[in-house]
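What follows is one structure encoded as structure tokens, with my remarks underneath.
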Amino acid sequence: MLNTTSVTEFLLLGVTDIQELQPFLFVVFLTIYFISVAGNGAILMIVISDPRLHSPMYFFLGNLSCLDICYSSVTLPKMLQNFLSAHKAISFLGCISQLHFFHFLGSTEAMLLAVMAFDRFVAICKPLRYTVIMNPQLCTQMAITIWMIGFFHALLHSLMTSRLNFCGSNRIYHFFCDVKPLLKLACGNTELNQWLLSTVTGTIAMGPFFLTLLSYFYIITHLFFKTHSFSMLRKALSTCASHFMVVILLYAPVLFTYIHHASGTSMDQDRITAIMYTVVTPVLNPLIYTLRNKEVKGAFNRAMKRWLWPKEILKNSSEA
């Protein structure tokens with residue numbers, strides 16, 4: 001059955017209806033977007049260029065930085081455009097594409113965090129077998145697998161949403177196209193779409209979350225009951241602190257949005273929580289990893305010296 005929609009475009013009503021705030025919000029979110037792309041881009045380049053960071057942990061960190069750059073680029077450029085535009089329209093195809101990439105990158109990031117937690121579990125609980133278990137082939141296979149699962153999960157949502165009939169209002173009370181606000185505009189039966197959102201997306205969100213918690217549970221019990229050393233426990237948890245903070249930043253708003261969507265939360269609440277995981281989390285991830293990770297800070301300092309040192313040589317030679 002072909003899509004019989006009569007709607008050719010949607011109107012994204014944005015973050016706020018107060019026109020006086022639009023220029024201010026444009027500057028704020030443009031700054032956030034620049035910091036997010038620059039910070040995650042710097043981590044990605046450092047992980048690629050520094051041989052000391054060619055390990056499974058930083059391989060996955062590079063994947064996370066790449067995801068965060070793409071993730072924020074799915075929603076923020078259109079949001080910035082709409083801050084300065086009177087006609088805040090997005091085409092039907094553009095809306096479905098935005099929905100697809102949003103769920104593709106979001107679900108991939110959720111699974112990636114679970115893989116990163118497993119990597120920490122192997123490193124702490126099975127240190128002698130770490131290089132054997134987390135070999136480059138396995139790391140590459142896991143990365144490709146979660147990217148593919150995320151893609152096909154998003155494809156399912158985008159195909160099912162594109163087949164709905166939109167025959168009424170085209171005003172989306174959100175700053176980007178997502179499944180939940182689109183289902184509110186659809187005519188006809190959306191029970192299957194609601195089921196996909198609750199069950200499939202809920203499983204992809206909650207499954208990795210519980211696997212992450214399970215990894216940390218095994219790490220804590222292993223160190224506490226087998227080593228009986230609080231100092232080792234504190235040291236191990238310190239190395240995992242950055243990852244755990246990122247997990248909390250991502251899952252707190254995601255759980256609020258997708259697990260409680262059936263309770264009828266307002267669109268204003270949805271927009272606020274969406275800002276947390278689409279805007280705030282990607283910009284905080286590089287800050288968390290650079291501030292709490294000595295290896296990343298060291299690699300960043302070495303990279304800065306490599307980039308700045310030739311300039312000092314040229315400056316001294318020209319003065320001579």
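Residue numbers in this text run from 1 along the chain shown.
Using the three backbone atoms N, Cα and C, a Cβ is placed for every residue, glycine included.
Among CYS139, CYS167, CYS177, the one Swiss-Prot lists as the disulfide partner of CYS95 is CYS177. Relative to the membrane, ILE96 and GLN269 are annotated in Swiss-Prot as lying on a common side. The transmembrane segment (24-44) and the transmembrane segment (239-259) are not in contact, since fewer than 3 Cβ pairs between them lie under 8 Å (pairs 6 or more apart in sequence). When Cβ-Cβ distances below 8 Å are used as the criterion, the transmembrane segment (142-162) is approached by residues 3, 59-60, 63, 96-97, 99-108, 111-112, 115, 179, 182-183, 192-193, 196-197, 200-201, 204 of the same chain, each at least six residues removed from its ends. In terms of DSSP secondary structure, the topological domain 'Extracellular' (77-97) contains 13 helix, 3 strand, 5 coil. Here the topological domain 'Extracellular' (163-203) is broken down by DSSP into helix, strand and coil counts: 20 helix, 4 strand, 17 coil. Neighbour list (CYS95 (disulfide bond), Cβ cut-off 8 Å, at least 6 residues apart, same chain): GLU9, PHE10, ILE172, CYS177, LEU182. With DSSP states grouped into helix (H, G, I), strand (E, B) and coil, the topological domain 'Cytoplasmic' (119-141) comes out at 20 helix, 0 strand, 3 coil. Simply put, out of 204-224, 239-259, 271-291, 271-291 has the most Cβ pairs sitting under 8 Å from the transmembrane segment (56-76).
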